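> Below you will find the structure I want to go over with you.
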Amino acid sequence: MKFTLSWLKEHLETDASLEEIVDRLTMIGLEVEEVTNQADRLKPFRIAKVLEAGPHPNADRLKVLKVDTGEGEPVQVVCGAPNARTGLVGVLGKPGDYVPGLDITLSVGKIRDVESFGMMCSERELELSDEHDGIIDLPEDAPVGMAYAAWAGLDEPVIEIGLTPNRPDCTGVYGIARDLAAAGLGKLKERSHEQIRGDYPCPVTVALEFGDTKPLCKSFGLRMVKGVKNGPSPKWLQDRLTAIGLRPINTLVDITNYITFDQGRPLHVFDADKVHGNLVVRRGKDGERIDGLNGKSYEVDSSVCVISDDNGVESLGGILGGEPSGCTEDTVNVLIESALWDEDGIAATGRKLGVNTDARYRFERGVDPDYMMPGLEYATRMVLDLCGGTPSEATRTGDIPDSSNIIEFPYSEIKRLSGIDVSPAEANVTLKSLGFWLSGSGADVKVAAPSWRPDIEGKADLVEEVVRILGLDRVPSTPLPRMGNVNRKVLTTSQVRRSKTRRALAARGLNEAVTWSFIPKSQAERFGGGAAELALANPISSDMSDMRPSLLPGLLTAAQRNADRGFGDVALFEIGQVFQNDKPDGQKMVAAGVRRGTAKLAGAGRHWSGSSQTVDVYDVKADAEAALAAIGAPVEKLQVFTEAPDTFHPGRSGSLRLGPKTILAVFGELHPRTLAELDIEGPLAAFEIFLDALPEPKSKGGRSKGALNASDLMPVRRDFAFLVDKDVTADKLLKAARGAEKTLIADVTLFDIYEGQGVPEGQKSMAIDVILQPRQKTLTDEEIDAVAKKVIANVEKSTGGSLRG
Amino acid sequence: MSNLDTLESELLTSIENADSEAALEDIRVHALGKKGKISEQMKTLGKMSPEERQVMGPALNGLKAKITDAISARKTVLADAALEARLASETVDVTLPLRAAPSETGRIHPVSQVIDELTAIFADMGFSIAEGPDIETDDLNFTALNFPEGHPAREMHDTFFFNEKEDGERLLLRTHTSPVQIRTMRDQEPPIRVIIPGRTYRCDSDQTHTPMFHQVEGLVIDKESHFGHLKWILEEFCKAFFEVDDIKMRFRPSFFPFTEPSMEVDIQCDRSGGEVKIGQGDDWLEILGCGMVHPNVIRNCGLDPDVYQGFAWGMGIDRIAMLKYGMPDLRAFFDADMRWIRHYGFRPLDLPTLFGGLSG
């Protein structure tokens, strides 16, 4: 919402400075977004007169002008505008002047060998409008030599406020003045619109025809004025509109635009001679069309409210007038409309047809119903004053709905919600100055909201009105009482897990990324998603169309982006939500990471101490295990399965499970097909940890770690090497060794794997170190041999291998 | 006597000249071995007269001790020299640059770090962390929050929708974290003190907007908390978060469908340099919206607004991260550019705490 300072002062008697006004507007909730003064920008541009427009010797389309600047000798200007002519009064820019619309500073130039000492400007060049068909053409009596901005009434501050959607009353300058007056910044000037007596009945009738459907028009006021003289509106009116960025059209249209911004009351004018028969306000019919005043054509249907005559649709009610019945300079008889439209209907139609107009903006927020007829009177007065003519009687079709809302208001509510002590007297003054009615006395009163405040619903709204006008500075800052002495744990298990995983993974050299929750459909499908219920109906682009079923597509493509920038050795991770379905419990928390190139734990790239190899399945298995350990998963009990999703390399991937069914993590090198489908390059290895899959920790019991059971006796170590088939897993062999003897074997580690000379084809040698921990007494050789035999027997039995001789 | 003197000087000279332990051993055998020079002389003691023995005995024993000591001293010298030579040969170039520790190269994303900072501050005030799903119902995202059907305020949210289902329900991506207010109030008995961080989505993309961003929201519901408490919380929060001793704040009336009265909050800043400095200067910067929870919202959660009251506030996590840590461009938050993460990210062990200072 834009207005000028002088326009505001038309309604508000005040001595306050611009700064005070701007500040107060912001502090009462009408936030000032910008204060501009067009004159600052247009300072150097002066009114000048073309004394002579002669032909250019070298170009047919150009003219050589002799221009009177109001001082000194006339200057020579080369001009290509079609409307450049002898006698034209326009606006001149001289060498050194900055032309905002072109973003250039003028200099003396030669155009086709003729010197030019300036430029006659178009409106677009001065950023006044988009008009660029010719140079500015001012009335002949415009004073040559005067600063153009001052003459055009542009030399004053234009204030723009960012209006919140609850304040339709401030879509007019008058409403803004009322708020400022209530806030003590001056006195609101009375508005009173005399009722104009009509000389004859309005010859056009109005019918509201909605049948059984919801009426999209509540009430409709109409009046004819015959014998008007339309034409350009007076300069003061044009200046007002220009100052806030509106284009003057003709007096009748300008009057409606003026009242729209002055009172927040949109109106429409029909050229009565172009209206055929009577007006019917109704729902549109399929196939009907209207050519709007904005030059665009719209198709309507039964959700759209239209005003029609015998010819068909003449107007999109409350949004946009139609071109065929619009007022032109030739209009002699005019119909003035002031109506009340259904807010939801206006919003729905505006959305559907994609039309944004000043009328829609106001009607969808809710205009003052009680001002419908006064608005019509105001418009009639202006038409009579500026265009003459004889008015008909005003007609009204449909009742104006009763907007009154009586609120029981205990004054104590102010203190309860805001914490401020406000006396009833002070509250009363504030509410009354905003137009509220109060009745009763004592601790509770009855308050009625004015018709222009549809946002006022209940007590809390009244508290806001009082506090807003008195100033939020008066609210005392009050410490929030503590709830207990020492705070308890506030994070949930899921939150703790995320936090620990995050720090554990970062401590392994991985860098945390945050990638989009939506990914391309093809990627979603590749990673097990892409269900219809998880596809956005209105994605911002096809690359962000489906909710991600996995974090990996986002991380893998991010790794590739880094590689494309020249950083191929990257280790990235993300902790975030993935979507299995559209239910709240279909959203799961996952930690995932990718390592690319040589970004291994020890570091990436070449180094004197040993260059890194490319990343592989073991790097990401280690990441997954470390993260699971960090969140308290029983790592020693986890089972390693060789099965993993088909996005991974089938022979270089696996999963970590708690029992055979609960998958806590998957890891591995990526399948070459996955890379090809994502259009990325490896080497890449990745892991995903399903944080929600780990059961809740047991909350029972204390935090005691139990006694340390450390033996005084030296552990004994024995090495064994087994020849096994190549496909025997380490897990199988180690499990067999560990399980051979439960009390003495403290640990088994695999320290060598060998294939090649000395080992039969299709087999491998695996060497293990078995640590025996005696508890009560030192072990005898016989006891050690007995354990060794059990180890050998158990391993041979479960792997089918044999001890290597 | 002169014989012994000669022997002594001969032996001492050869000990002095011995250049290895083996040479020393040869000398020892030559002097003190079974058939060594001194041992041979010792053997003659028995045949001497008592007088002679009286003189020669101590002399020979003295010589034996002297030679033994000399050998031992020389041994130490040789061992020290050998050790020094070995150490000299073991010298390496300690200026060689090493690989950085993984815990030095890994980084935490600023959004995570700021959420941890928020958690540290609000946990101290007795708040817990509530969360909710990203895919929401129209009811929880709008209707229960007092957004009337078809109201322009709904449109301002640029909502991402899913396709309408057969039963007419149309799910959406939450446009703010406020639906979690409803979930919390419906699930939990007052008093309620929660903050709600999370991902939010709006169909908007330009220099300063991304279709996905992060919000944090606070909610207090009990029987007495009023706007004065809200003001205090926000003042304390801003001081703690921006790590300044004092900060001027400005509360302006505004409008949100789910609060009444509603306010927007500006903080003092200085824009005179290239970047925005918080807590100094005389310019204002809008950082959050807040208000008393609307009676309709309280009612929609099954509570009586004449008994229960409270307030809520919300702000952009990415935005306050940018203000505190100086990232110029929001879009870079979601690009996973390693250079950006390394520069703006945080070390894994720098967990923010109030006792240690949020940013260390």
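Just so you know, glycine gets a Cβ as well, placed from its N, Cα and C.
What TrEMBL lists as domain 'TRNA-binding' is A:39-149. What TrEMBL lists as domain 'B5' is A:402-477. As annotated by TrEMBL, Mg(2+) binding site applies to A:Asp455, A:Asp461, A:Glu464, A:Glu465. If you look up TrEMBL, you'll see A:711-804 marked as domain 'FDX-ACB'.
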> Over the domain 'FDX-ACB' (A:711-804), what is the model's average pLDDT?
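A mean pLDDT of 92 is what the predicted model shows over the domain 'FDX-ACB' (A:711-804).
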> With the cut-off set at 10 Å between Cβ atoms, which of these binding-site residues ends up with the most neighbours? Options: A:Asp455, A:Asp461, A:Glu464.
A:Glu464
> According to DSSP, folded down to helix, strand and coil, what is A:Glu464 (Mg(2+) binding site)?
helix
> Validating a neighbour-count step here. Other CB atoms within 10 A of the CB of A:Glu465 (Mg(2+) binding site): how many?
26
> Could you give the number of helix, strand and coil residues in the domain 'TRNA-binding' (A:39-149) as assigned by DSSP?
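Breakdown, helix to coil: 6 helix, 45 strand, 60 coil.
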